[in-house]
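According to TrEMBL, the features are:
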type	residues	note
BINDING	38	pyridoxal 5'-phosphate binding site
BINDING	60, 61, 68, 276	substrate binding site
BINDING	234, 361, 426	tRNA binding site
MOD_RES	247	N6-(pyridoxal phosphate)lysine
């Protein structure tokens, strides 16, 4: 019961199923007489159709997972969605997950909800230990919850940036476990950073009695990320892990999944959400999973792995043609990075120019990371921002193989990157020198 069907449903079956659920909500009853302040009235028929007439949302004022008596269909939709998502998380590699729920907020705010739930359990706590990852929303999630992030710089091992376990444990001992809300670790990330050493961090958390929250933003699509979470829970402590709906299930932005190994703690988080919530993210992922079926989702996961290997090989060939190299980051299963040393040696502006050229040629998602970028986020200054460390040895370009990527996407990216690299080199041969000459004059 509650498992994702192996084979996907056709659209007519899906629509029939959704209409049958919708007519269980009181706003769709024939002869319904609503005299409350929220009765599911919708002014636009287009809006009603867009939501399949699920107007009441999910949950009640005290619990996002609670059943609404006058919205039995929406409540059932929510329960089914959570069950299917739980099944997919197990299928993706976290076999012992106990409970999960879809929350209509993106990853950052969902992490904040987890931290606020822990606040009541740890009244003395004021710090969150956070191995550095240069991504604003996960950092701001801690600030928004009212805690002080304690940034642990990564260590360079070969080309990879990895968790400094000694620094984490030393900081735990320095601050005192009672004053630490949790360790906030990360799985999916941009190379050359790689997923945190989750097993070792989970052991530290278990030994010192500190909660452990994992930012697994786009990690469901990676068997390696999911294995790390499963192993971390087996050998140590992981209280909750949070993942994005849009990045893992190809639905519109606006939802996340909060999951964990302790059923009661996940229920506590759901009860922390104030008020009712939008059903749109739940509806989107329900339609998607019923359309794909578990076999369809497994096929997408398999194709993503194949595309990662293909992208890696194609970038490696292209980089060598320009005397660059693909950084060796075997612990990162999604993101790749290629050096931009030859551009950077001539002029730093050439690096950012490459990013602009790619964007104007409709290449989205590629990140160009120059040396020495400084950025202040919520009052904290990060040197070398976007590179996850103060002084990475070189500038580089990121590309990722995410779920849904096709071979033609890779081929087109390589073709456009090749053209942009040629154009930047040609331009830097004259324009950068000419600009420097004009400055001197």
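Glycine is treated like the rest: Cβ placed from N, Cα and C.
Structural mapping of features recorded in TrEMBL.
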{"residue": "38", "record": "pyridoxal 5'-phosphate binding site", "contacts (Cβ under 8 Å, 6+ apart)": "56"}
{"residue": "60", "record": "substrate binding site", "contacts (Cβ under 8 Å, 6+ apart)": "66, 67, 68, 276"}
{"residue": "61", "record": "substrate binding site", "contacts (Cβ under 8 Å, 6+ apart)": "274, 275, 276"}
{"residue": "234", "record": "tRNA binding site", "contacts (Cβ under 8 Å, 6+ apart)": "96"}
{"residue": "247", "record": "N6-(pyridoxal phosphate)lysine", "contacts (Cβ under 8 Å, 6+ apart)": "217, 218, 221, 402, 403"}
{"residue": "361", "record": "tRNA binding site", "contacts (Cβ under 8 Å, 6+ apart)": "416, 419, 420"}
{"residue": "426", "record": "tRNA binding site", "contacts (Cβ under 8 Å, 6+ apart)": "none"}
Residues within 8 Å of the 60, 61, 68, 276 Cβ centre (excluding the substrate site residues themselves):
57, 58, 59, 62, 63, 66, 275
State the count of C-beta atoms found within 10 angstroms of the C-beta of residue 276 (substrate binding site), not counting that atom itself.
21
Mind computing the max CA-CA distance among 60, 61, 68, 276, which the record assigns to substrate binding, rounded to whole Å?
10
